[in-house]
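One structure is given below, encoded as structure tokens.
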Amino acid sequence: MKNTSSLCLLLLVVLCSLTCNSGQAQVLFQGFNWESWKQQGGWYNMLKGQVDDIAKAGVTHVWLPPPSHSVAPQGYMPGRLYDLDASKYGTAAELKSLIAAFHGKGVQCVADVVINHRCAEKKDARGVYCVFEGGTPDDRLDWGPGMICSDDTQYSDGTGHRDTGEGFGAAPDIDHLNPRVQRELTDWLNWLKSDVGFDGWRLDFAKGYSTDIAKMYVESCKPGFVVAEIWNSLSYNGDGKPAANQDQGRQELVNWVNAVGGPAMTFDFTTKGLLQAGVQGELWRLRDGNGKAAGMIGWLPEKAVTFVDNHDTGSTQKLWPFPSDKVMQGYAYILTHPGVPCIFYDHMFDWNLKQEITALAAIRERNGINAGSKLRIVVADADAYVAVVDEKVMVKIGTRYDVGNAVPSDFHQTVHGKDYSVWEKGSLRVPAGRHL
């Protein structure tokens, strides 16, 4: 009996360990850009042909574009939420087929959820666009001006609650304190999971509603993966350069995930800003005053999704782009570091960086690097950054070629490119077709 109990306890520990590790060892892939809606034959159909390559890069979750009817073709001005056939990316059937293909490779699918604002179908008696259509034969999501925040005076009739977050000028801000809004959006979010097949969400413009609202939807729908867009600015000095201390920005990100709880994470905009400033001859920025990573990953890496660029910051919008000639330094950093790294479609396929990105992702996977991995920064100078992760992987980015004795003798270089190198501890591992 004693032996049986011990065996059961051992199995429980192993199972718990595997579950915890698998929950942390995530890699997100953004499966679209700002121009994807223009794809001949449909974006969903085109992306389906790249499922194998995406899965081979160690991706565990793919972020897909907003799925519903939208006034703007990219999907970020949604109207008839249940109408997936009106999407510029493809039909509902094509979306479900794409999701099934990803699921067949063990990759989960994340919906881009735009619920802060919504575009109306018709005008009311005042001549204001504030009468909404849900996209079904019944009255689900068929709302009027009373479902709009009262302080959104351009559209509201003044009967709703005040906005719980930041305003969005281009479309009506939805009153998430309204019980019907909460009930019907919860039903729609659950429908995306049960009927369409989505596993998680990316919350667009999550600063537009309170953390209490986000928490309510997360707890009601129980998505397996949640990452929010909390796009905040770096702190800057009077000379226009980023300040050495970026605690204010990363504290805002940490506060959001702590308030929402559960699986909720945020994109680490602090790390993105510091990394793209750092690779331009200021790599010292990547270490804070306590010797830790200077972004959100230095404080709460398990809840930070790191990225180099996305459809807003890069692509054709270029609202805050990473230096184009240094993108692989960015991937060498995020794919070897704590946090959940996000690979951007453009870099993987349009920029022909698939081989380099996949090689870095393979190092992450075979060494078990995950969101909570231990980071030890060895060098953080203007022209060189060197760090060790889990005492198994060492990475160098920057223009400096010689980092002296920073690399121990039992570490062997397995991947290198322009201004970056990665070493692994133990026996020499040389990928097929590569010569060191």
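Note that the numbers count up from 1, one per residue, in the order the chain is shown.
For all residues, glycine too, the Cβ spot is worked out from N, Cα and C.
Swiss-Prot lists Phe168, Ala171, Asp173 as Ca(2+) 3-binding residues, and of the candidates Asp151, Asp152, Asp187 the one it assigns to that same site is Asp152. Site annotation (Swiss-Prot, ligand Ca(2+) 1) includes Asp163, Asp173, Gly208; from Asn116, Asn237, Asn245, Asn255, the additional listed residue is Asn116. Cα proximity to Ser233 (substrate binding site) (within 10 Å) is found for none of the recorded positions Thr136, Asp152, Asp163, Ala171, Gly208, Asp312. Nearest to Gly208 (Ca(2+) 1 binding site) in space, judged by Cα atoms and limited to the binding-site residues Glu133, Asp142, Phe168, Ala171, Trp299, is Phe168. Each residue in Tyr82, Gly134, Gly135, Pro137, Asp139, Arg140, Leu141 lies on the same chain as Glu133, Thr136, Asp138, Asp142 and has a C-beta within 8 Å of the C-beta centroid of that Ca(2+) 2 site, without being one of the site residues. Same-chain residues that are not part of Asp152, Phe168, Ala171, Asp173 yet have a Cβ within 8 Å of the Cβ center of the Ca(2+) 3 site turn out to be Asn116, His117, Ile148, Cys149, Tyr155, Asp163, Gly167, Gly169, Ala170, Pro172, Ile174, Gly208. Using Phe205 (substrate binding site) as the reference Cα, a 10 A cut-off selects Asn116, Phe168, Glu229 from the recorded positions Asn116, Asp138, Asp152, Phe168, Glu229. Taking Asn116, Glu133, Asp138, Asp142, Asp204 as the recorded positions under consideration, the smallest Cα distance to Trp299 (substrate binding site) is found for Asp204.
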